[in-house]
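The next block holds one structure in the form of C-alpha cells; read it before the comments.
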Amino acid sequence: MRRLMYEAQRSLASPARNPRMATVIGRLLGAAFLICFGTGLYSHFLQQPLPGMRFATRPEFLYQFTEGTHIIAGMACFPLLLAKLYIVFPDLFAYPPVRSFVHLLERASIALFVGASLAQITIGLLNTYQWYPWPFPFRQVHFALAWVLIGSLALHIGIKLPIIARFWRKRADYGPGTDHLTDAVPVERVAGTEADRLWGSSRPTGLTGRLIAYLDATPPAAEKVSRRGFLATVGVAVAAVVGLTAGQTFAPLDAVNVFGPRKKGVGQQGVPVNRTAKQANVTEAVIAGWMLTVAHGGVERSFTRAELERMPQTEVTLPIACVEGWSQMAAWRGVRLRDLADLVGAGEDTSFRLVSLEPRGSFRQTQMGPEYVRDPLTLVALELNGETLDLEHGYPARMIAPGRPGVLQTKWLSRIEAITA
Ligand SMILES: Nc1nc2c(c(=O)[nH]1)N[C@H]1C(S)=C(S)[C@@H](COP(=O)(O)O)O[C@H]1N2
Ligand SMILES: [Mo]
C-alpha cells in the first residue's frame, strides 16, 4: 500500500504542484473568502438585523457595491478553488493516511473546508440564477456554511502556518526537500525505471501491477504543466469568469456580460424585474381601489395615488441592488417617507413595517429602521425613469431607499405601520 501511494504521488508530481504555488493560490483564495464573508455578513444583517443595529445610508450605492463585490469575489473562487485542489490533491495519497493526532485534525479540517467551500460557492452561484434545486432556505444555509467555512479556514491556516510563512515570499531557494508538495516524494531523483528498483521481484501482479505500470509510465515532472503556464491558466480563468459576469452589477463590463443572469437596461422602464406581478399574484383586481395606509399609534391615514401625487415630490437616483447580485441605477420620483411619517406623528426613532399587496411570499412584509425612514432620499416611489411606475416595478407605489438590498425595496406597497416596541 505504501508503495502504491508513493507511486501515485510520484506520478502526480509536477512543477506547478509545490508549496510555494499552494501558498500563492491559497492567499488569493483566502482573500476572496474573507471578502465574501465580510460582505455576506453585512448583507445578512441588513436583512435580519440584531436588536438595535443601525446601518449606513451613504454612499447610497453602498449595498450595490458590497453585494457586487460579494458576487465578483465569489465567482473568482471557482477557478481559485479548483486551482488549489489541483495543486494539493496528490496529498490525498499521503501514507500513512494519519500520522498523528495533529495530522488527523489537519486532514479532517481540510475535508470539512473543501466540502463546505464547494457547497458554498455552488449554492451561491445557483442563487444568482434564482435556481433552488434544494429543499432548504438558501440564506440561512449560506449563512451557516459561511461560519463552517471560515472556522475550518482559520484552523487550516493555523495548522499550515509554518509552511505559509516559509513560502510567503518569493525566494530563489527554499531549502532542500521543498520543491514538491509532499516531502515523501523526491521526484527528480526517481528515474523512469525506478519502479523496477523500488519494487524488485516483489512487484505485484493483476490490477495493482497494472496500476503501478500505468503510474510509472506517466511523464516525468519536467514535461508537465510549468509554474508559469499554470499561473497564466488560473489568471485567464479568473479573468474570464469574473469578466463575463461582473457586468450584471459593474456597468463598465456590461458589454461583455455574457453569463450574468441579468442584463442592465433589460426590463420594463429599463430596469430588470426580479419577481413579476404575475409571480407575486398581484393582478389588476388586487390593486383596484388601492390606497396607501400609514399608521402610527392610534393614528391611521390613507392616501389615494392622486393625493400622493399632489404632495411635494422628490427625485432621487438610487440603485436596485438585488441580493442575487445584479444591480441597476434608476431615477425615482415620489413622496418622501419622512413626510408621511410626520403626518401621522411618528417620532425620529420610529421603525416601520412595510406591507405589500402581494398575498403571499417572503418579501410581502419588510421592516425599516429609523435611519432609512428619516433619510431624505427614502421615497414612496410613484415614478420610475420619468414614467408612471410599471406594474412590474410595484405600481401603484413602492419603497425605494438608499443603501438597502433589493429584497427590502417593497413593491405594491399597501400599508406602512410604525412598529411599537
Ligand atoms: N412585494 C414584493 N416586493 C419586492 C419583491 C417581491 O417579491 N415582492 N422582490 C424584491 C426584490 S428581491 C428585488 S431585487 C426588487 C426588484 O425590484 P424590480 O423588480 O422593480 O427591479 O424588488 C423587491 N421588492
Ligand atoms: Mo432581489
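Here the Cβ of each residue, glycine as well, is placed from N, Cα and C on the backbone.
Going by TrEMBL, these are the annotated features:
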TRANSMEM  21-45  transmembrane segment
TRANSMEM  71-89  transmembrane segment
TRANSMEM  110-132  transmembrane segment
TRANSMEM  144-163  transmembrane segment
TRANSMEM  230-251  transmembrane segment
DOMAIN    287-419  domain 'Oxidoreductase molybdopterin-binding'
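Within the chain carrying the transmembrane segment (230-251), a Cβ under 8 angstroms from the stretch's Cβ atoms is held by residues 15-16, 21, 24-25, 64, 67-68, 71-72, 75-76, 78-80, 82-83, 128, 257-264, 321, 325-327, 329, all 6 or more beyond its ends. Counting only same-chain residues 6+ beyond the ends of the transmembrane segment (110-132), those with a CB under 8 A from a CB of the stretch are 33, 71, 74-75, 77-78, 81, 85, 138, 141-142, 145-146, 148-149, 152-153, 155-156, 248, 260-261, 324-326. Per DSSP, the secondary structure of the domain 'Oxidoreductase molybdopterin-binding' (287-419) breaks down as 24 helix, 56 strand, 53 coil. Along the domain 'Oxidoreductase molybdopterin-binding' (287-419), the predicted structure has mean pLDDT 96.
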